[in-house]
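What Swiss-Prot says about this one:
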| type | residues | note |
| --- | --- | --- |
| BINDING | GLY14, SER15, GLY16, LYS17, GLY18, THR19, ARG127, SER136, TYR137, GLN199 | ATP binding site |
| BINDING | THR35, ARG40, SER61, TYR62, VAL63, GLY89, TYR90, PRO91, ARG92, GLN96, ARG160, ARG171 | AMP binding site |
| BINDING | CYS130, CYS133, CYS150, ASP153 | Zn(2+) binding site |
| REGION | 34-63 | region 'NMP' |
| REGION | 126-163 | region 'LID' |
Amino acid sequence: MKSNKKILFIGAPGSGKGTISKILVEKYKLVHISTGDLFRKKISEDSRFAAQIQNYLSSGSYVPDEITNKLVADFIKKIPKNQGYILDGYPRTLQQLEFMIKNGINLDCVFYLKIKNETIISRLSQRLFCQKCQKSYNLLLAKPKNGLKCDLDNTDLITRNDDRPEIITHRIEKFNNSVIPIVEFFKKSGIIYYLDAEQTLEETVIEIEKWL
């Protein structure tokens with residue numbers, strides 16, 4: 001099954017938007033546009049770029065809008081117009097939203113995954129990543145099958161620096177402060193749907209599929 005929908009997920013770190021995106025990407029043949037993945041790929045390919053933004057990522061701060069906008073826009077230009085995609089982690093600021101509108105990056109639906117702060121901290125403290133393929137796991141929600149090794153390439157799994165408790169708290173505050181005007185904009189547009197991210201990933205996916 002293929003979808004040509006242009007979808008945005010809004011949700012705090014730990015809301016499950018990345019994992020849910022990957023489930024839908026595989027099922028509906030969508031392109032997954034994750035700013036986190038784009039940054040990690042660019043960092044691995046460009047040492048000058050890595051030095052430029054590493055401090056932002058390790059501290060849980062947002063990378064300057066002009067850098068993020070260019071990275072996302074350059075990626076979207078490569079996607080065929082009739083191809084559906086999921087935006088995950090963008091836009092995060094009003095300036096990024098304005099850039100989207102100005103550059104004709106249109107959306108069919110927006111899903112806002114609402115979740116309590118204590119749930120976020122609990123989930124992120126259990127999150128692990130593969131250093132080689134960047135696949136993510138969660139010891140609460142999506143456990144690796146082989147201990148603490150990646151299911152795909154058997155590489156040791158690690159905890160990211162920005163999943164430390166003190167960084168998580170900062171990321172939550174940053175998200176809550178920046179998301180309000182973005183949610184309000186899409187509320188007026190009539191394309192936003194609110195989801196309870198406290199439920200299981202499977203339940204959330206079933207809800208989303210009603211709109212696809």
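Numbers here mean position along the shown chain, with the first residue as 1.
Backbone N, Cα and C atoms are what each Cβ position is placed from, and that goes for glycine too.
This view paints the features noted in Swiss-Prot onto the structure.
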{"residue": "GLY16", "record": "ATP binding site", "Cβ within 10 Å": "26"}
{"residue": "GLY18", "record": "ATP binding site", "Cβ within 10 Å": "20"}
{"residue": "THR35", "record": "AMP binding site", "Cβ within 10 Å": "20"}
{"residue": "SER61", "record": "AMP binding site", "Cβ within 10 Å": "15"}
{"residue": "TYR90", "record": "AMP binding site", "Cβ within 10 Å": "25"}
{"residue": "ARG127", "record": "ATP binding site", "Cβ within 10 Å": "21"}
{"residue": "CYS130", "record": "Zn(2+) binding site", "Cβ within 10 Å": "20"}
{"residue": "TYR137", "record": "ATP binding site", "Cβ within 10 Å": "21"}
{"residue": "CYS150", "record": "Zn(2+) binding site", "Cβ within 10 Å": "21"}
{"residue": "ASP153", "record": "Zn(2+) binding site", "Cβ within 10 Å": "11"}
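Distant neighbours of the region 'NMP' (34-63): 18, 21, 71-72, 75, 88-90, 92-93, 134, 161-162, 167-168, 170-171, 174, 178; these residues of the same chain sit at least 6 beyond its ends, with a Cβ under 8 Å from one of its Cβ atoms. Take the binding-site residues ARG92, ARG160: by the count of other Cβ atoms within 10 Å of each Cβ, the lowest one is ARG160.
Residues 14, 16, 18-19, 37, 40, 57-60, 171, 200-201 of the same chain, all 6+ positions outside the region 'LID' (126-163), place their C-beta atoms under 8 angstroms from a C-beta of that stretch. Cα distances from THR35 (AMP binding site) to the binding-site residues GLY16, GLY18, CYS130, CYS133, CYS150 are smallest for GLY18. Note on CYS133 (Zn(2+) binding site): other Cβ atoms within 10 Å of its Cβ, all shown chains, come to 11. Closest to ASP153 (Zn(2+) binding site) by Cα-Cα distance, out of the binding-site residues GLY18, VAL63, ARG92, ARG127, TYR137, is TYR137.
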